[in-house]
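Trainee: Can you read through this structure? Questions will come right after.
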Amino acid sequence: MMEDTIAAISTPLGEGGIGIVRVSGPGAIEAVKNVFIPRQSKDLSKVPSFTLHYGKIVDPADGKIVDEVLVSVMRAPKSYTGEDVVEINCHGGIVAVEKVLELILKQGIRLAEPGEFTKRAFLNGRIDLSQAEAVIDIIRAKTEASLKLAGRQLSGELREKINAVRQKIINILAFIEVSIDYPEYEFDEVTPETALKNIDEIINDVRRLLSSYERGRILREGITAVIAGKPNVGKSSLLNALLRKKRAIVTDIPGTTRDVIEDYLNLKGIPVKIVDTAGIRETEDLVEKLGVEKTREYLNQADVTLFVVDVSIGIDEDDEKILSLINKDKSLLVINKIDLLQGKVNFEQYAVKTGIKNFVPFSARNFEGLEILENKLYEILIPEQEGEGESALISNLRHKNYLEKALNSLLSAKESIASGEPVDLVAIDLNEALRELGAITGDALGDEIINEIFSQFCVGK
């Protein structure tokens, strides 16, 4: 339990119905009591936990009313932080909320650092580190699927799986320690064959977790899809079609889009940052030149490229130049303006000419082929469809890195057993794997790394 008490505004500043000032620590109730006058004569220090009280916040210096509020009291240890927590629900807006916070801080309360409320929940043992990280993922979730994944992690599902793997390692280590302490006895549990079988089982557990990372990463972080092509092939029209709204200006004049336009698309639960770029061509226009350079930068960073060509023109030298800038394996060829066709066209010849195997005939004018385009894009991102994220559990790069380190230690332990190394050397590798897995839940992690993780949070959380 922390000795000092902290406070911060927990809602975004700006006009709104409600603004919340959160106070946590041993002095939370007393601090609020000093500035809160309840409608009924109540002693805030004696009210039950999980109760809500109507009253007024008053400036003790002059007795003037600042705001009408609702005050909720949540006593330790059953609160968000595991400490006494008081939340003051006042009217939204900048001045009122900041004034309430100012009065609380004058009671000897410290302004909270970014993520400090959640950090206290972790340090007080209410949640583990993976659950704390899930809190920020919930805040940042852009789709229902990414929210669902973060919710599973917050509920402790990842912690349970990690702890189950750690317990298997501990069981092996226990038998190894016994065999080291009592070498005169023979134990069936620590024969090389049994140990190899048990370690293989643990290795498979870790690999299963690791195999879910790529899908989990996409759900958590989203992907960047860049629309590329020469001027006037329908890139902006494609953006508008995907978003189902007029986000970009569309004209028949080449070079209308001079800068990148970004927006977000929910593609079957995947957060997709869709980027409409300036058409790549040789130009003397300075502004358009800068837009073309920015397009090149985005193409280098793209997870997938939607390469748009005009079917009424075909593939020409300008298209070939752009093709040299993109990753064809992570691209979707959009053969646009099929509404202008008079006869049959062999669309596969476009795939052969461009070297992009994934293609879709499309009309940005009447949206023909839009659903097929979205399905193709999804297949490129998720080659093996696994549903809406049920099997994905690892989504954080930090978790992936520690799982890989643990896997390497387990493989080293397996190799040591197979080559007949002494069991105490095997124990070194197993203990290392145990530490790496513990770092995911925060059981074996230094203060500097913990502080860095919580610094990513906003103030008030």
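Each Cβ is built from the backbone N, Cα and C atoms, and glycine gets one as well.
As annotated in Swiss-Prot:
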type    : residues                           : note
BINDING : R22, E87, R126, K461               : (6S)-5-formyl-5,6,7,8-tetrahydrofolate binding site
DOMAIN  : 222-382                            : domain 'TrmE-type G'
BINDING : 232-237, 251-257, 276-279, 363-365 : GTP binding site
BINDING : N232, T251, I253, T256             : K(+) binding site
BINDING : S236, T257                         : Mg(2+) binding site
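Describe the structural context of each listed feature in the structure shown, including burial, neighbouring residues and relevant distances.
Mentor: Listed in sequence order, P77, Y80, T81, G82 are the same-chain residues at least 6 apart in sequence whose CB falls under 8 Å from the CB of R126 ((6S)-5-formyl-5,6,7,8-tetrahydrofolate binding site).
Counting every protein chain shown, the number of other Cβ atoms lying within 10 Å of the Cβ of S236 (Mg(2+) binding site) is 24.
DSSP gives N232 (GTP binding site) a coil state; it is part of no helix or strand.
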Trainee: Between the binding-site residues R22, E87, K461, which lies closest to N232 (GTP binding site), Cα to Cα?
Mentor: K461
Trainee: Could you check the binding-site residues R22, K235, K461 and say which one's CB has the most other CB atoms within 10 Å?
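Mentor: Top count of Cβ atoms within 10 Å goes to K235.
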Trainee: Quick one: of the binding-site residues R22, E87, K461, which has its CA closest to the CA of K235 (GTP binding site)?
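Mentor: Going through R22, E87, K461 one by one, the Cα closest to that of K235 (GTP binding site) is K461.
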Trainee: What is the separation, in Å, between the Cα atoms of E87 ((6S)-5-formyl-5,6,7,8-tetrahydrofolate binding site) and A364 (GTP binding site)?
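Mentor: Rounded to a whole number, the Cα-Cα distance is 51 Å.
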Trainee: Round to the nearest Å and give the CA-to-CA distance linking A278 (GTP binding site) with K461 ((6S)-5-formyl-5,6,7,8-tetrahydrofolate binding site).
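Mentor: Between the alpha carbons of A278 (GTP binding site) and K461 ((6S)-5-formyl-5,6,7,8-tetrahydrofolate binding site) there are 39 Å.
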